[in-house]
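Per TrEMBL, these features apply:
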type	residues	note
ACT_SITE	H69	active site, proton acceptor
BINDING	D70, V73, G75, D77, S79, E91	Ca(2+) 1 binding site
BINDING	P166	substrate binding site
BINDING	H196	heme b binding site
BINDING	T197, D250, T253, D258	Ca(2+) 2 binding site
DISULFID	C38-C118	disulfide bond
DISULFID	C71-C76	disulfide bond
DISULFID	C124-C330	disulfide bond
DISULFID	C203-C235	disulfide bond
DOMAIN	28-334	domain 'Plant heme peroxidase family profile'
SIGNAL	1-19	signal peptide
SITE	R65	site 'Transition state stabilizer'
Amino acid sequence: MKLLLVILIVHAISIPCFSFDVLGKDLPLTLDYYKSTCPTVFDVIKKEMECIVKEDPRNAAIIIRLHFHDCFVQGCDGSVLLDETETLQGEKKASPNINSLKGYKIVDRIKNIIESECPGVVSCADLLTISARDATILVGGPYWDVPVGRKDSKTASYELATTNLPTPEEGLISIISKFHYQGLSVEDMVALIGAHTIGKAQCRNFRSRIYGDFQVTSALNPVSEAYLESLREICPASIGEGDSNVTAMDNVTPNLFDNSIYHTLLRGEGLLNSDQEMYTSMFGIQTRRIVSKYAEDPVAFFEQFSKSMVKMGNILNSRSFVDGEVRKNCRFVNT
C-alpha cells in the first residue's frame, strides 16, 4: 500500500503541483530578477542538474545540504563556497562542514556554463538556491518558485559555521534554538529535516547513536535488531575506524524524495540522533505530533517543505546588498 502511495505521489508531482511564494514585502528578491539580464538561467541550471543527478542520485542531497549550510551562516550569500586564502578564513574547514559538505565542483560546473551565457550576472548564491530546488524535483520532491536577486558576500564566517549549524548528535532544545535564531519555526525545522529522506551519513556522525540508545528507541524488535547489526558492520565501535564509511539515512527508499524518513523515526530507527530527537525526545511534544502528521500525510509534508525551503532561502545577508557582488568564480571574491 505504501509503495502504491509513493508511486502515485511521484506521478502527481511530475507536473509542478506545489508552488509557494512566501516573499516578504521588504525582501529585495523577485521571481523575474533575471528576466532581461539572463532569461535562460533557470533552464540552464535545470538542464545541468538533470545531468548531474542522473550521473549520481546522491548529488541531489549534496546540493540541498550545501544550500542549507550556506543559509545558516550569514544568510544565503554563497559564503560557504569561498576557498580559504591568505586574507580570508573560509567556512569549509569548520567542524560541521569539513567532513560533511561536497558539491563544490558541481557549483563550479554550473557557474562556468552560466558565465559563458550571461557573464557577471547570476550570483553564486542564487545559483545554489535554484539548484537545490531542481535537485529536489529530480528525485521526486515538490516544486516551488525560487525568488532571486541575492548577492554574493565578500566575507565568510568560520566562527558562525561552527556555532550556527546543527550537529548530528545535538539535542532537540538546542536544535530548535538554532532554527529559531534563523527565523525558522518548529514546523519549518521538522519539514526541512525531511530532506534526510535522501542522501547518506558518515559513520563518524552516527556511531554514538548506533552504540547508544538505538536499541531503546527501536524497542528491540527483530527487524530493527537486524538493521542495527548491519549498521554496526558498516560502522565499527572504535573511534577512527571506518569513520568515513557511509550509509543511507533512509534505508527504505534512499534515492526517492518521499516521507519515508518520518516512518523511520516512528519506528525509532533514525540514523542521526538529531533526527530521532524529533520523535523520541522528552521535550518533543510538538515535534512528535508534526513527525506523525508528515508520516501519515505526504502531501502535507511536500507543501510545508516547499514553504520552508523558500523561507530558508529568504534568510539574507543584508550587508551583501550594500557591498556584495556577483562572483565570477564562486570560490573567490572578485579582484
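In case you wondered, yes, glycine gets a Cβ from its N, Cα and C as well.
Unlike curated entries, TrEMBL annotations are predicted automatically.
Sequence features, as recorded in TrEMBL, placed on the structure.
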residue: D70; record: Ca(2+) 1 binding site; Cβ neighbours (10 Å): 28
residue: G75; record: Ca(2+) 1 binding site; Cβ neighbours (10 Å): 22
residue: C76; record: disulfide bond; Cβ neighbours (10 Å): 28
residue: S79; record: Ca(2+) 1 binding site; Cβ neighbours (10 Å): 27
residue: E91; record: Ca(2+) 1 binding site; Cβ neighbours (10 Å): 26
residue: C124; record: disulfide bond; Cβ neighbours (10 Å): 30
residue: P166; record: substrate binding site; Cβ neighbours (10 Å): 19
residue: C203; record: disulfide bond; Cβ neighbours (10 Å): 20
residue: D258; record: Ca(2+) 2 binding site; Cβ neighbours (10 Å): 24
residue: C330; record: disulfide bond; Cβ neighbours (10 Å): 23
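Counting Cβ atoms from all protein chains shown, C118 (disulfide bond) has 17 others lying within 10 Å of its own Cβ. Comparing the Cα of D77 (Ca(2+) 1 binding site) with the Cα of every entry in C71, D250, T253, C330, these being the recorded positions, the smallest distance points to C71. Proximity of H196 (heme b binding site) to non-local residues of its own chain (separation of 6 or more, Cβ distance below 8 Å) is seen for M249, D250, I261, L272, D275, given in sequence order.
Note: the Ca(2+) 1 site is recorded as D70, V73, G75, D77, S79, E91; in the same chain, H69, C71, F72, Q74, C76, G78, V80, S153, A156, S157, L160, A161, N317 also have Cβ atoms within 8 Å of that site's Cβ centroid. Within 8 A of the CB centroid of the Ca(2+) 2 site residues T197, D250, T253, D258, the other residues of that chain are I198, V252, P254, L256, F257, N259, S260, I261. This prediction places the mean pLDDT of the domain 'Plant heme peroxidase family profile' (28-334) at 97.
For T197 (Ca(2+) 2 binding site), the spatially nearest entry among the recorded positions R65, S79, C124, P166, C235 is R65, judged by CA separation. Each of the recorded positions C38, C71, V73, C235 was scored by other CB atoms within 10 A of its CB, and the lowest score goes to C38. A count of other CB atoms within 10 A of each Cβ picks out D77 as the most crowded of the binding-site residues D77, D250. Using a 10 Å Cβ-Cβ cutoff, T253 (Ca(2+) 2 binding site) registers 20 neighbours. Among the recorded positions R65, T197, the residue whose Cβ has the fewest other Cβ atoms within 10 Å is R65.
Cα-Cα distance from C124 (disulfide bond) to S79 (Ca(2+) 1 binding site): 9 Å (rounded to the nearest whole number).
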